[in-house]
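First, the structure itself, so that you have it in front of you.
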Amino acid sequence: MPSAAAEPLDTQHSIMDRDDRRRNKNIGKNFMCRLQCMFSHSSSSESRLSLEDTQQWSQSLERLLESKYGLATFRNFLKSEYSDENIEFWLTCEDYKKIKSSFRMSSRAKKIYEQFIKAESPKEINIDYHTREQIKRNVKSPSVHCFDDAQKIVYGLMERDSYPRFLRSDIYRTLLENLAADATKG
């Protein structure tokens with residue numbers, strides 16, 4: 001059997017491309033399986049991951065985040081890029097807004113500040129100095145709107161940066177390809 005070095009460069013690239021396509025197809029299948037297992041407590045057809053729903057994720061970031069599968073896929077993508085602090089912050093703020101107890105709100109606001117806002121925090125988000133200082137003041141007497149400005153900034157960053165990269169990613173494209181192939185099989 002000839003060595004890889006003896007084969008022409010085009011052949012080596014074609015073999016590598018074929019292997020990459022095969023690997024991506026398997027990644028997509030495995031990811032689809034994991035997503036459906038994550039949400040398998042309901043087996044109705046409307047709760048299953050569908051090609052139509054997955055295609056709609058490309059319409060807007062809002063549409064993507066409204067879908068339980070879309071959100072899970074986007075979070076996985078961001079984790080794979082080591083840039084999941086923005087979605088984690090945004091989701092944490094969404095949960096924070098649901099808090100009714102002022103004591104719990106105060107406690108939670110401080111945790112959010114320590115985790116995401118404070119300079120050098122473990123999951124520091126990219127916001128300007130003015131917004132950071134405003135939140136620092138807001139946390140002293142927190143309200144439901146304490147993090148609104150930062151949340152808008154983070155949403156804008158995801159919409160302009162992470163979301164377009166996600167739409168071009170192998171994770172999303174392979175998922176679409178696999179769902180399309182499954183749909184044609186019946």
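Cβ atoms here come from the backbone N, Cα and C positions, even for glycine.
Remember, TrEMBL labels are computer predictions, not curated facts.
Quick paste from TrEMBL:
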DOMAIN    60-176  domain 'RGS'
REGION    1-21  region 'Disordered'
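Context for these features, please: burial, neighbours, distances.
The average pLDDT computed for the domain 'RGS' (60-176) is 96.
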Over the span of the domain 'RGS' (60-176), count residues by DSSP class, listing helix, strand and coil in order.
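Taking the domain 'RGS' (60-176) as a whole: 85 helix, 0 strand, 32 coil.
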